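Colleague: Let me begin by handing over the structure; questions about it come next.
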Amino acid sequence: MSVNRQNYLLTPKGAGMAQLFFRYGAMASGKSIEILKVAHNYEVQQRKVLLLTSALDDRTEVGEIASRIGLTRPAQAISDQDDLFALIQNESDIAAVLIDEAQFMTKDQVMQLTRVVDEINIPVLTFGLKNDAFNNLFPGSEALLIYADKIEEMKTLCSFCGHKATMNLRLTDGQPVYEGAQVQIGGDDSYLPVCRQHYNHPDLDALARRVKTSGFDKNENELTI
Ligand SMILES: [Zn+2]
């Protein structure tokens, strides 16, 4: 059987020190599907994973990791009051912890994850957005960029051109917005992965055509990561 040999996934237990991973990417860069894939890779080896996601994410069911290709699975929803070290320490036989929507964690929670890695030697893989719709770092992402052992970018294309998307353009009623609350999940906004040029100069005609032809499917363009 062919096995994914990405070293952070399937390192045999005891083969080394656990690490804290942060994989970031713009909207629609495949983060949720990657989590589901990593979980599957562990589970085919009969190794148990703990899946966590943010309770802030109410796009689908609270406590669900949903990929845009339709695969979903339950995950434990965490709020910013949860002590992640205590939560993880209370689980038994965990081979790895996988966290979606990691940008919404607090700095304290990221510090708790460093203790999970350093003190109980469980790898923690976090996935999330780096910058918000106004190009400020999310608190969880800022702390992860500082404290993670390994940081990787997950790439996706700009919605308007072939360049890499590094930013997320927020749309309200199909129009770009450049100010507002950092976290605005569950509203009528949608997001597009874009390059810097198209963040600053989105092609509004193309947007309008898209609205006309697709009705701007909210679910397609929303925060699904
Ligand atoms: Zn572009």
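Just so you know, glycine gets a Cβ as well, placed from its N, Cα and C.
From TrEMBL, for reference:
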{"type": "BINDING", "residues": "G25, A26, M27, A28, S29, G30, K31, S32, D100, E101, A102, Q103", "note": "ATP binding site"}
{"type": "ACT_SITE", "residues": "E101", "note": "active site, proton acceptor"}
{"type": "BINDING", "residues": "C158, C161, C195, H198", "note": "Zn(2+) binding site"}
{"type": "BINDING", "residues": "V183, Q184, I185, G186, Y191", "note": "substrate binding site"}
Colleague: Go through the recorded positions E101, C158, C161, Q184, Y191, H198 and tell me which ones have a CA within 10 A of the CA of K31 (ATP binding site).
Modeller: E101
Colleague: Consider only the binding-site residues G25, S29, D100, V183, Q184, Y191: which of them have a Cβ under 6 Å from an atom of ligand 1? Write none if no residue does.
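Modeller: Among G25, S29, D100, V183, Q184, Y191, near ligand 1: none.
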Colleague: Which residue, of the binding-site residues K31, H198, has its CB surrounded by the fewest other CB atoms within 10 A?
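Modeller: Least crowded of the binding-site residues K31, H198, by Cβ count within 10 Å, is H198.
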Colleague: Going by Cα-Cα distance, pick out whichever of the binding-site residues M27, A102, Q184 is nearest to C158 (Zn(2+) binding site).
Modeller: M27
Colleague: Cβ neighbours within 10 Å, counted over all protein chains: which one of the binding-site residues S29, Q184 has the most?
Modeller: S29
Colleague: Taking Cα atoms as reference points, rank the binding-site residues C161, Q184, Y191 by distance from G25 (ATP binding site) and give the first.
Modeller: Y191
